[in-house]
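For reference, Swiss-Prot has these:
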- 24, 25, 26, 40, 63, 64, 65, 66, 122, 162: substrate binding site (BINDING)
- 212, 300, 331, 360, 361, 362, 363: ATP binding site (BINDING)
């Protein structure tokens, strides 16, 4: 797929031009509104810095969380503007609205090297509307913010699987380019699918089988092994006839898991032991049991030491590794060993020459929470959902639109 990128745009020249950048700045906040993981802000900075250094007038569109009924003060991008400014080493203006009077006035007042962050793009319901006309109307207002000669740079990989106004529709109206982050993510995913070093090991965790069913079915015919951990492993174990106590369970997926185990028995790898406890709490005492001996009334919150050893041995021989989803409730120290053990095994394999990709989301958060150097992996993705959909073989609207011919005048 041929897509114009940031280097192409910089070669054309952006001095004094308006550039609308769709970034993924959807970072987690604690109860006080403090950012707890700035990974996505850090990852978004290189594209923005390159444009600012080239004297562009930069307008950034981004979202935070999922506002339900318009503007929500708890989901304002105000703390993001401060953190982004620290990363860029310059002041980041924050508009008081998305495409209203304040945003337009601030955008018109920009000079080369200035940056304006629009308020949470999802405060405008048209951003995520299923109605094409609604989304296009918002996209046209975004075009007005960058004016004549304006261009669009797509750099929010975490949202390219969404057909949304600031991701998809805007690229049909403005000359469009892939930012550094999006270009790098696509290069890595293409390497995962087209030039895989064998053996190819996939590690999947997280809560629900239903969330990962598509990628399991797709990768089961491509990977040499798929390790199953996290909350989703209990539905697979139940499909094998084991009692899982009060562990997370998707009853309606048991038959599906049974079918997967029958079809891909030589690929799927499940835990052999678990760390269980009475309640979902950090201070609830842990107990290690075999998968066939989970007591009634107890729930699994992590894979056990035997499983860690088994999975680590498998990963030590891998040539390519894709990891998406923690092995347990890593936020609770007593139940973080599984995730840490798998992460360290992937790091060791990477050190021996394996190509390793951490598929964004909770896996990336776990790596940072455990203070494992990000450079110890070949690549850490910023888009868990987008990565999974790509590996499922789905078309990513925000990428597909970048491959189209550049639009010409008359968009307004």
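Yeah, the Cβs are placed from backbone N, Cα and C, and that goes for glycine too.
Note that the structure is predicted; figures quoted are calculated from it, not measured.
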| task | For residue 331 (ATP binding site), just count the other CB atoms lying within 10 A of its CB, please. | result | 14
| Which chain neighbours of the substrate site, leaving out 24, 25, 26, 40, 63, 64, 65, 66, 122, 162, have a Cβ atom within 8 Å of the mean position of the site's Cβ atoms? | 62, 120, 121, 158, 159
| note | binding-site residues 300, 331, 361, 362 vs residue 63 (substrate binding site), shortest C-alpha separation belongs to 361
| request: Could you list the residues of the same chain, at least six apart in sequence, whose Cβ is under 8 A from the Cβ of residue 363 (ATP binding site)? | output: 205, 323, 324, 325, 326, 384
| note | Across 65, 122, 300, 361, 362, listed as binding-site residues, the smallest other-CB tally within 10 A is for 65
| task | May I ask which residues of the same chain, at least 6 positions away in sequence, place their Cβ under 8 angstroms from the Cβ of residue 212 (ATP binding site)? | result | 204, 206, 232, 324, 325, 388
| For residue 362 (ATP binding site), the one of 24, 26, 122 that lies nearest, given that the binding-site residues are compared by Cα | 26
